[in-house]
Ligand code: GLN
């Protein structure tokens, strides 16, 4: 098994470490590879799209020819997790602000996103989030977090803050507005890996 982490920008090494811990805790071996260029995504069995800056990430994914490989991977049903900026990139649609900036989206999840859903007062915060696949709350770290403002019928909402969806899944796709790679608790990565094994 091979798990890819898109390594164009953002918190890549934190995701690699979190995946390694989650694999150890699940007692499963797998290779973890970082991806900067075309040609590696098709060799992966699962993929992580980290946080960062979604405009830059989207532009570079297209320029490097990786965006189409991710769309193809999605069509083949392999698990893909997008965190923070990754949640934005998975979306099929952006709100007005996203559209104005001509943001490139992968368009593979039936969601409409707000890039900076929590405004200035709450730029960064931590909160105990209930997630239906965990038996106790998860300390979720939000940094200039996006949110999902609308979901299609096939999307399962996993968590909300106020009227904003902050965790959702659709088939093989898992989208999180927070940063599970920034805490020692690897239960979210374990849940993602369970889609693979
Ligand atoms: N809001 C940021 C964006 O638009 C994402 C922030 C993050 O990934 N920490 O790209």
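Yeah, the Cβs are placed from backbone N, Cα and C, and that goes for glycine too.
From the candidate list 21, 115, 184, the residue TrEMBL records in the L-glutamine site shared with 52, 53, 54, 143, 144 is 115. The Cβ of residue 181 (active site, charge relay system) lies under 8 Å from the Cβ of 11, 14, 15, 17, 18, 50, 83, 189, each on the same chain and at least six residues away in sequence. Less than 8 angstroms from the CB of residue 52 (L-glutamine binding site) sit 8, 9, 10, 11, 84, 85, each of them six or more residues away in the same chain. Selection of the recorded positions 53, 54, 143, 179, 181 by a Cβ distance under 6 Å from ligand 1 yields, in sequence order, 53, 54, 143. Here the Cα atom of residue 144 (L-glutamine binding site) is found 11 Å from that of residue 179 (active site, charge relay system).
Here L-glutamine is bound by 52, 53, 54, 115, 143, 144 per the record. The longest Cα to Cα distance in that group is 13 Å. Least crowded of the recorded positions (84, 143), judged by neighbouring Cβ atoms within 10 Å of its own Cβ: 143.
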